[in-house]
Each structure stands twice: as C-alpha cells, then as structure tokens.
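According to TrEMBL, the protein has these features:
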type	residues	note
DOMAIN	235-466	domain 'TOG'
REPEAT	14-52	repeat 'HEAT'
REPEAT	91-129	repeat 'HEAT'
REPEAT	168-206	repeat 'HEAT'
REPEAT	207-245	repeat 'HEAT'
REPEAT	246-284	repeat 'HEAT'
REPEAT	285-323	repeat 'HEAT'
REPEAT	328-366	repeat 'HEAT'
REPEAT	367-405	repeat 'HEAT'
REPEAT	406-444	repeat 'HEAT'
REPEAT	523-560	repeat 'HEAT'
REPEAT	562-590	repeat 'HEAT'
Amino acid sequence: MAASDATTDDSLYPIAVLIDELRNEDVQLRLNSIKKLSTIALALGIERTRSELIPFLTDTIYDEDEVLLALAEQLGALTPLVGGPEFVHCLLPPLESLATVEETVVRDKAVESLRLISEQHSPSDLETYFVPLLRRLASGDWFTSRTSACGLFSVAYSKVSHNVKGELRATFRMLCQDDTPMVRRAAASKLGEFARVVEVEWLKADLIPMFVLLAQDEQDSVRLLAVEACVSMAELLQQEDVEQLVMPTLRQCAEDKSWRVRYMVADKFTELQKAVGPEISKQDLVSAFQALLKDPEAEVRAAAAHKVRDFCQALDPAFRESLIMNQILPCVKELVSDANQHVKSALAAVIMGLSPILGKDNTIEHLLPLFLTQLKDECPEVRLNIISNLDCVNSVIGIQQLSQSLLPAIVELAEDSKWRVRLAIIEYMPLLAGQLGVEFFDEKLNTLCMAWLVDHVYAIREAATNNLKKLVEKFGVEWAQSTVIPKVLAMARDQNYLHRMTCLFCINVLSEACGPDVTGKVLLPTVISMANDNVANVRFNVAKSLQKLTPRMEAQATHSAIKPVLDKLITDTDVDVKYFASEAMAVLSG
C-alpha cells in the first residue's frame, strides 16, 4: 500500500512543480515551466493531461505576454499528448482565450496554433467544436477576438457542410463591415486566402462585393490590404470576370488619394500583371504603370522603378517592343534624372535588364545615353548598380561597343579631380574586371590601376593597393607575375619616397594572394634591397614588411635571408627603425 502511495505521489509531482512554478513571482521560472509543457504532459499521461493540465492552463491565462506567447506556441504541438486527432478539441479552450488577449503577437501565435490543430479535426469535430469557437470569436465584444477570427475561416471552410459554409461566408462578410478599423484590416489581409478556398460562384456573389467595399474603405491601411487580395482574386477568375469585377477597383486603387495604397499597387504590380493576363495588361496596366512611374510621391516612383524590367519582360511579345519604346521608355528617361536618389538607385538596379529585351540597336541608340548619365550620377549607389550589371549589356552589344561608349565615362571618373570619386571607382574595379575579362582589363584598365598607386592622396594609394590583391585573387598568380609584380617592384627605385613606401605596402598584400613561393623568390629580394634606403620611414616600413612576410614563407629560407637584415636595422640610428626591427625579430625568433 505504501509503495502504491509513493507511486501516486511521484505521478503528482510534475503537476505540483508546474503549478508551483506557474504561480512563482519570477517570470523566468513561469516561462521555463511553460516551455517544458510537453515533458510534463508526457509524465502525466494522456488522461490526466486532458482532465487536469489543460483545464488548469485555461484557468491561468493572466500572465506576462512572453509567458502567454510560449503557451500559445506549445499548445499547437500537444495533439499527440492529449490522445491524437480524436481528442484534439480539448486544446481549443485555452487557445480561444489566448486569441482574445490584448497583445498582438500572442493572438497571432494562438491563431497559428489553432490553424495547425484545425487540420487534425475530422469534419464532424470541426462542426461540433471548431466552428462554434469561430462563431464566438467573430461575435466577441472586444475587437481582439474578432481580428483573430479572421485568420480561421480559410482552414475550416473546405471541410464543413454546405449550410455551415454559407454561415461562414455570412460571418466573414459581417467582419468585413465591422465598425472597428482593426477588424476590417484583419479581414482585408485574409480575404485573398479565404477566396482561394471558396467556390467560384460564391467568390463572385459574396467575396467580390466585400473586396470592392474594403478597397473603398475610409482607412488607407484597409484599402492597401485589399490590393493584396486583388492578386488572389484575379488569379481565380476568368478573363471576362476579371475585366468586369476586379479591374474597376484596381484602377481606382492605382489612383488612390493615399500614397500608401498607390505604393502597394506599385509593389505588387508584376504579380497583378501575371494574375490579370497579357490582354488586360496591354489595355489597362501599361497606362497605370506609367502613372505610377510619374507619381508625385518618391516612394511610389521607387517601387514602380524597381519593377520596370520584370513588367517589360512579362508584356505580350507581339507588342512588347512598341509598348516599351512608346510608353515606358519616356517615363524611364525622366526617372534617370529624378530628384530622389532612392528612385534613381532603384532604376539603376534594373535598367540594364532592358537591353536583352530591346535588342542591340535600341540599346545603343536609347539606353546607352541613360547608362552614361547614371554612371556619372553623384550618388555612389546609382553608379554601383550600373557597374554591377554591365554584363547584361555586354551580352547584347558586345565588348567593343561597350568599351567605346561606357568605358571612357569610367576612365573619366577614375581621373576625376575629386579624390572621393576616384576612390569610389577603385572600389568597383574588381567587379568591373570580373565582368569584362582579363584581356580587356589588361588592354584598357591596367594602366589606370597602376596610376592610382602613385596618386597624391594616401587614401587612393591605400585603396589601389588593396585593389591589386583582389585583382590577383580574380585573375591568378601567373597574371600577377607577368603584369602587376614587375611594375610594383620597379617602384622600389622611384625618386619619391612615398612611392617607394607604396611598393612595400603592395608587397605586403600581394604576398597574401601569391603564396610562399612567389613571395620568397620574387618579392622578398626587393624588400631586402630597400633596407639601405636613405629615408627612415622607408627603412622602418621594410622592418614592418619583413614582420608580415615571415609567417608567409618557409622557415629555413626566411631565417637565412631576413635575420642579417634585421640585425643591421636593430642598430639603426633612427629610434622608430630600431623599434620595428626588434618587433620583427621577435616574430622571427618566436
């Protein structure tokens, strides 16, 4: 008997711990106990989880938001621990309470878990347990429960009987016309999802009128969500129905007085285009797109500019070129010199993609002048977006034409009197080199890269040094040995001591890219020869270079070649040279 009592006590222990911790003042303890819910349910067994644990959780839903959030998440995964799909309905009461709380994140998580467990209900259980819960939420006094209800219609609809379907549609219509904007907003955000499960006849009879109503709502936050629903509805309807039922409302949204609604139309434009099909796109969407590209609000223009390439690509091939040339391109030309840099940047990211669509002649005549303008734009992001996409144009007009038109503009920027402009071009050079290839680079741009190494601004020399390393990584060590290294080593004999120092900086970074063999045989002798330089700054940079090269070469060769040089520099008359030589010696000895 005593043994059986002990067993009972043991089985009670987990629930006792949970109750204690859930009532503890420390939030962290309460949170930890909720996160262990599945372990505790496992220990209690299916029967007691249903009869004790779930009712207890339902009664204690007054806590910190983070505890409630964890509870909403855990409940969604408890189906196997309450006895599987047959008993899943016992998880509904606590989730129903959580779906009505004030904190949005908790409500959203409760709805997510309710959607999850709705799939595990049989059709009869859905009607017996889930649909009444949906009714209660949809007719709740507080807007919080009504907003949560909006997310549950689509998961219940397809499994229930014909009569219940009619009731669900009527309830959803009621929520679309709710007095509270938050509820209408939730209904608008779920309208597209609900439309996908509703039969086409009821979609036309019940949901389209709601879509039209929401798209004319007094709150712009509701109207902009109706635009998303528009995509789903257009995909589900026949062409003539789209023209008749959806397009009047879409035209109205594209000209809405609120820029946020117009922004949403611009943002979803290519999805809308795909949904309504090529014929309606040609008749209606081209003019709407023109209007969005000319919108007074910069955010709307930027969103529309972003879609230029994809929109043009998806136009009917039979009319594509004439539509772009006559209607879209004039708007694009205006955007190239837009006052807002985000608009120009969005356009620059996609404008090169028009080249393959329009072909060689149109690109040379109409697009190249626009690319040139953007290459010279004061905004670095615009220039970068153009340079990043040069390969699109290269494949259409060929390297020769590209070098005649765009390259002079790049060279001009590379020699600009403002050093920050020169710096920006250096940073794009590895990208450009990768797109144009090694032969073209050697012919047109190599001289430029070497000229930057002797620029009168230190920041340019430093950037040019790092640029060399990236180029070697791109084109390989053999290219470096034949093209770059001889020119760098020649700088060791330059009259200007700053250029001799740049030679050392280049050797430091090239040794990383070229490996131990080239470093030991080609680069090291030059560094050693500069140890006798008559400028102290050069000599202490020799010491610093030797310190950097030491770990990158074979130990034996390093020791015999470098140690005598450092021994000499340690006895130098200049205090800085002595200091850096001793630092290098420490690395060599270590």
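Placement of Cβ uses the backbone N, Cα and C atoms for every residue, glycine included.
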Check your understanding: What else in the chain is close to the repeat 'HEAT' (246-284), if you only count residues 6 or more beyond its ends and a Cβ gap under 8 Å?
Key -> 208, 211-212, 215-216, 220-221, 223-228, 230-235, 237, 239, 291-292, 295-297, 299-300, 303-304, 307, 310-311, 314-316, 319, 323
Study note, to complete from the structure: Counting only residues at least 6 beyond its ends, the same-chain positions whose CB falls under 8 A of a CB in the repeat 'HEAT' (168-206) are 131, 134-135, 138, 143, 146-151, 153-154, 156-158, 160, 213-214, 217, 219, 221-222, 225-226, 228-233, 236-237, 241, 245
Review point. So what's near the repeat 'HEAT' (406-444) in sequence-distant terms, Cβ-Cβ under 8 Å and 6+ beyond its ends?
Key: 368, 371-372, 375-376, 380, 383-384, 387-388, 390-391, 393-394, 399, 452, 455, 457, 459-460, 463-464, 467, 470-471, 474-475, 479, 483
Exercise for review: Using a Cβ cut-off of under 8 Å, list the residues of the same chain at least 6 residues beyond the repeat 'HEAT' (328-366) that approach it.
Suggested key: 286, 289-290, 293-294, 298-299, 301-303, 305-313, 320-321, 373-374, 377, 379, 381-383, 385-386, 389-390, 392-393, 395-397, 401, 405
